[in-house]
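K.L.:
Have a look at this one before I ask anything.
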Amino acid sequence: MKKYYAVTGIALAVGMLCTTQLAGATQAADPSVGSLDSSNVVTEFSAQGNVEQITFKSAIKSAPMSSARSAQTSAIIPGLKNLFVSAPGSDFSLNDSSNNYIKRFTQNIAGIPVLGSSITEVLDGQGAVTSAIGAVTSATKGAFPADLAAGQAAALASATKIASAGKDASAISLVDQKAIWFDAVLIGKGATGSVAVPAYQFSFTTGFAESRVLTVAANDGAILNDRTDRKDINRVVCDANSKVIDLEASNADALLKCGKTQANKPTRIEGQAASSVADVNSVYNFLNDTASFYGANTKANDLTALIGNDEGDGLGKAMRAVVRICVTDSQNGEQCPFANAFWYNGQMTYGQGVTTDDITGHELTHGVTEKTNGLVYANESGAINESMSDVFGEFIDLSNGSSDDTAANRWAIGEGSSLGVIRSMKDPGKYGEPAIYKGSNWKPTATNPNDNNDQGGVHSNSGVGNKLAFLITDGQTFNGQTVTGIGIAKAAQLYWAAQRQLTANATYSSLGKALNSACSANVSNNVAGTTAANCTQVANAIKAVGIK
């Protein structure tokens, strides 16, 4: 079955305190701080004993920062990789500096990236580093074959055979392949003490709105990870007019696409007058509301450039959407109207009547998350992924002046849609979701996340993150903590800065630390008028939901 990341329904930096030594593994040397003064360093650990955050008592202004570090500074500060106990031979490349006070680096070993790795530096207003959050591998085992290309070709043949099993060969298309170092901990699937092994990662399109990502060990061809993705949610809007798509047909993916040369032709494109189809106009307007909110309240800048798609039809890279789609498959039969919406491969797809502002913002934020930190869609990182989509979806809903923004609907997800209200961020328990970490309604971590356990409770456990966002924004006395809200403008910038810091395998503990760090950075950089008093309220909210 295909996976819907629909509107319905992580340990960081491995190895600092690890005592497990795998045979043949190359371990990191004793973590000298290099050019950093160890007396200036405060190290925080996760519950599993891994390095989670480095804070400097005095901001680091030493070389190579003779002057304030600019957005173009591409080198990690000397000694920081040792503090995170990076594997020998590691170097770090800058992969994001779109936010002037947050810099995100990827770990590489011998020039090959480590999947899921990152070290994020947080800078003050003068460009000095105040803290860092990281997820790195501390050791490697094995080596890539001397003939890298030949090894990759052999692994591709194996991966293609697996991806093609039970599928029409015409539906399988390779979209990306690369050599990587694979450490299961960094994608939330391994135990403390694991090491990085040489591997190849292959991404295939395997059917309707579906992709499959296979990671193959370079040394023995073992399958290290097998993931099927479908992200449930530019301005090019196409109308399917209740056309039924067989999800199991070999050409279903092509039948979904929106563009002049695609199966679904544009009904309304940028600058055109309103359509006679209400859902087309709703989506056209809400795509704009989402892009405008991100542009005004985050450093994401151009949302079209970040998550848009170019179908080669002369309309360029655009935020594309198909409305009024119907679907059928062998398990659920025909669904018309299709009571859902989803994001996949730069395009939004909606069933009739689910074209609301919060659902649009929710699903497009899955695209933003995919392009920023790539939160793994399982267990706690998956719950944070879902919560981030609810948070920004509701921020957009509460800020665009829509007629249904009543007091009763504030913090409700799905109001005005054919689904009705499906979640309450203010009161998650009303819909069977937890408001406190590992409290009532919490779904346990799954050792084998799959559709039967909601990938480890990604929709249910998002309630903790949703309650947290409500508390930070509006405030409330809850679970022994009194929180004064800081408002949407400050909260949106706070969550955006935290989004930039989170690693792919983030836990709720990681989210709490990232929010505290982001708040301090926003004060130092005078973002949205954030104050130290606001940060006290953020800390109180984090305590209230039990994630610190």
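Every residue, even glycine, has its Cβ placed from backbone N, Cα and C.
From Swiss-Prot, for reference:
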ACT_SITE  GLU363  active site
ACT_SITE  HIS459  active site, proton donor
BINDING   HIS362, HIS366, GLU386  Zn(2+) binding site
COMPBIAS  442-459  compositional bias 'Polar residues'
REGION    440-459  region 'Disordered'
SIGNAL    1-28  signal peptide
K.L.:
Calculate the distance in Å between the alpha carbons (Cα) of GLU386 (Zn(2+) binding site) and the residue listed as 'active site', and round it to a whole number.
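P.N.:
Between the alpha carbons of GLU386 (Zn(2+) binding site) and the residue listed as 'active site' there are 9 Å.
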K.L.:
Using C-alpha atoms only, work out the spacing between GLU363 (active site) and HIS459 (active site, proton donor) and round it to an integer in Å.
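P.N.:
Distance between the two Cα atoms comes out at 13 Å.
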K.L.:
Distance between the residue listed as 'active site, proton donor' and HIS362 (Zn(2+) binding site) at the Cα atoms, whole Å?
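P.N.:
On Cα coordinates alone, these residues lie 13 Å apart.
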K.L.:
Translate the DSSP assignment of the residue listed as 'active site, proton donor' into the three-state scheme.
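P.N.:
Once the DSSP labels are grouped into three classes, the residue listed as 'active site, proton donor' ends up as coil.
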K.L.:
I want to verify one value. Collapsing DSSP to three states, which class is GLU363 (active site)?
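P.N.:
DSSP call for GLU363 (active site): helix.
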K.L.:
Which one, from the recorded positions HIS362, HIS366, HIS459, has the smallest tally of other C-beta atoms lying within 10 Å of its C-beta?
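P.N.:
Ranked by other Cβ atoms within 10 Å, the recorded positions HIS362, HIS366, HIS459 bottom out at HIS459.
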K.L.:
GLU386 (Zn(2+) binding site) has how many other Cβ neighbours within 10 Å of its own Cβ?
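P.N.:
Result for GLU386 (Zn(2+) binding site): 30 other Cβ atoms within 10 Å.
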